[in-house]
Amino acid sequence: MVNIQTNTSYIFPQTQSTVLPDPSKFFSSNLLSSPLPTNSFFQNFVLKNGDQQEYIHPYLIKSSNSSLSLSYPSRQASSAVIFQVFNPDLTISAPQGPKQGPPGKHLISSYSDLSVTLDFPSSNLSFFLVRGSPYLTVSVTQPTPLSITTIHSILSFSSNDSNTKYTFQFNNGQTWLLYATSPIKLNHTLSEITSNAFSGIIRIALLPDSDSKHEAVLDKYSSCYPVSGKAVFREPFCVEYNWEKKDSGDLLLLAHPLHVQLLRNGDNDVKILEDLKYKSIDGDLVGVVGDSWVLKTDPLFVTWHSIKGIKEESHDEIVSALSKDVESLDSSSITTTESYFYGKLIARAARLVLIAEELNYPDVIPKVRNFLKETIEPWLEGTFSGNGFLHDEKWGGIITQKGSTDAGGDFGFGIYNDHHYHLGYFIYGIAVLTKLDPAWGRKYKPQAYSIVQDFLNLDTKLNSNYTRLRCFDPYVLHSWAGGLTEFTDGRNQESTSEAVSAYYSAALMGLAYGDAPLVALGSTLTALEIEGTKMWWHVKEGGTLYEKEFTQENRVMGVLWSNKRDTGLWFAPAEWKECRLGIQLLPLAPISEAIFSNVDFVKELVEWTLPALDREGGVGEGWKGFVYALEGVYDNESALQKIRNLKGFDGGNSLTNLLWWIHSRSDE
C-alpha cells in the first residue's frame, strides 16, 4: 500500500503554540527534526517529568531517577471499573559513582510502531521496550555495576553453573528469570540484587504462575531479542509485523486475543504457544514464535449509501423530512466556532445529500451543496472568523487557532486530543462535496489531503509535516484519542464510532478523488477499528474477557484506557446509559451497520439501555434517537413510532437520517 497522494504537501499557516510541551526534553536531538508521535503507547515517557508509568504488554513500566521499574500488574475489578495496579516488582539501575554527577533523565533514542528504546546515558543502560515481549531487554553498553531492587522479599535465589541464568522467587508468589549474554556475578540481600561491572545484554522475564513447565520455553527463546518492530500495510485488510532482532534462535513474543483471531486468517509461518499465558487487561496474552506476523481481517467495502437500499414505500416519509431539514440549513445562523461541533454540522448536511441521492430526489441537492461550500471553504482558506486550522511545527500537525492558546479549547485539539474525531467530520463533508463537484474537489485537494494526512500519514520521509498514523495504534489495533496529556492509565479513547467514521470518511475521500491507496488504507483501518471495538468496547452477556461483576452490569464501555476500563464518560456518569450507547454509535451512517452487525448483541445493548430513558430529570432527545436507531435493527416498527415522536436531534443527526436508517434495515 503506497502512501497516499504524496505529491501534495500543503500545510496550513504556521503558528507557535503557547500550550504545547517541549519535546526536546526527552527525544534525542536526531529525532527532533521529524514529526513526533502525540498519541502513542509511550507518550507518558515524554510528558512533564517523564516518570508516569506506561503499559507495554505484559508489563507496566515506569522510568524515574535514572532507574526503570517493572511491574507484572495485579488487577482490581468492580462493576464500574477495571484497572491494573502498578507495584515496582523490579527496579533496575546503575548506582551513580561520585564522578558521574547527578542521575540523568532518560532519552528516547528510537521508536517505532511496536517498540521504544529508552536510554539512560549517565548509567550506560539502554532498554529495548518491545510491545508483547515477555522479556525486558537491557543493553549495558560499558562495564557497569547493576542494582535490581524489589519491594518484595527475596525468598530464593539460584543460578546455573555458568552464571548466565538466575532464578529468584519473591514472597508475593512471583518467580523471575534473568538471562545474561556472558557470565554475571550477582549477590543479593533481602530486597536488592547487585552485580560486579558487567557489559552485554540482560533479559528478565516473569515466569507465569511460577510454573516450571513454562521455564523451558522461556529458556529456549531467551537468546534472540527484538530491538524494534514495524507494522507494514502492504495490501488491503492486512497488517504485517516485522521485527528487527539480534542474536541467534527464534523470536518469542506475546499476542492478545484479537491478534490470535487475525493471525488465524493470515498466511503465517508462526507457531502459537497457547499454553504460555500472561495476564493482561486486554485478555490473556499467548506466546507466538516467528520473525513476522501477518494479521488479516475480513474485507469491508465502504459505500456512500445504505447497503440494502431504502424500502420504496417509505420514500415519501423520508422526502418530507428531507425537504424540511434542507429548508432549515443556513450557514449564517451557525453560532458555534468549535471545530468539533462545526464539523458535526458539516457532516450532518453531507448526510442529507447522500440520502437525497439514494432517494433519487435531486431537488434539494443544490441548496445543500451551497451550504457545504459556505461552511467548509472558510476553514480551508483560513478566513473563518473565530477559529481555523494552523500548523504546529514543534510536534508536526494541525492545531486550531483556539487550541493554540488554550489547552482545553476545542476539546484539547491544540494538544492533539481527538484529531481523528474532529477532522473526520470535515473529511466526510469534503468527500461528499468532491463527489458532487469534482472541480471544487480539485481546487481544494491540497488542503483536503493535508487534513487527512494529519492522522493518516504512513511515511514521514515522504511527508515530513505529520507524524505516522497519529491516532491508530497498530499493536492494539484501535485508535487512541488522548493526546499530549499525562495520564496515570496511559492513552484513552471514548468514542469508537467516531474513530471508525474518520477512517471511513478517508476511504470515501479516496473514492471521490479516485485514489485507490487512500481507499485501501481508510478501509483497512476502518475494518481493524471495528474489530477492536467489538473485542474491547462491546461487552456481551456471558463474555469472559472481563470480570463477571463488570460483565453482568455493562453492555458497552465508557472510556477505554491503556491500563483501565471505565464505565464513566468524559461528559456523563456511567448511569447515563443512553449516552454510553450513543457515543459508540454516532455519527449514524452506512458504516454503522458494520459496527453493529451482531443483532443479538444489539438487542442486549438496547434492552440494557432502555430503562435509563425513564430517568428522573429527563433524557436528551438527541440521545434517545440513537437508542431507537439501534432498536430499529431488530424491532423496526417500534423504533419508527418512537423516532416519529422525537422533539429534537443530536447536532450531527436529523430526522431524515434516522428515518433513512430505519427504512433501510432489512426485514430478514
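Backbone N, Cα and C define each Cβ position, glycine as well.
Over in Swiss-Prot, the protein carries these features:
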type	residues	note
DOMAIN	2-668	domain 'GH81'
CARBOHYD	Asn65	N-linked glycosylation site
CARBOHYD	Asn124	N-linked glycosylation site
CARBOHYD	Asn160	N-linked glycosylation site
CARBOHYD	Asn187	N-linked glycosylation site
CARBOHYD	Asn465	N-linked glycosylation site
REGION	2-208	region 'beta-sandwich subdomain'
REGION	209-299	region 'alpha/beta subdomain'
REGION	309-668	region '(alpha/beta)6 barrel subdomain'
SITE	Asn7	site 'Not glycosylated'
SITE	Asn636	site 'Not glycosylated'
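Structure with Swiss-Prot features highlighted.
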| residue | record | DSSP (3 states) |
| --- | --- | --- |
| Asn65 | N-linked glycosylation site | coil |
| Asn124 | N-linked glycosylation site | coil |
| Asn160 | N-linked glycosylation site | coil |
| Asn187 | N-linked glycosylation site | strand |
| Asn465 | N-linked glycosylation site | coil |
| Asn636 | site 'Not glycosylated' | helix |
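Taking each Cβ in turn and tallying the other Cβ atoms within 10 Å, the top scorer among the glycosylation sites Asn65, Asn160 is Asn65.
Here Asn124 (N-linked glycosylation site) is positioned 34 angstrom away from Asn465 (N-linked glycosylation site), judged by their C-alpha atoms. Its Cβ placed at the centre, Asn465 (N-linked glycosylation site) has 19 other Cβ atoms within 10 Å. Closest by Cα distance to Asn636 (site 'Not glycosylated'), from the glycosylation sites Asn65, Asn124, Asn160, is Asn65.
Each of the recorded positions Asn124, Asn187, Asn636 was scored by how many other Cβ atoms lie within 10 Å of its Cβ, and the smallest score goes to Asn187. Between the CA atoms of Asn160 (N-linked glycosylation site) and Asn187 (N-linked glycosylation site) there is a gap of 14 Å.
DSSP places the residues of the region 'alpha/beta subdomain' (209-299) in helix, strand and coil in these numbers: 18 helix, 39 strand, 34 coil. You'll find the Cα of Asn65 (N-linked glycosylation site) roughly 14 Å from the Cα of Asn124 (N-linked glycosylation site). A Cα-Cα distance of 20 Å separates Asn124 (N-linked glycosylation site) from Asn187 (N-linked glycosylation site).
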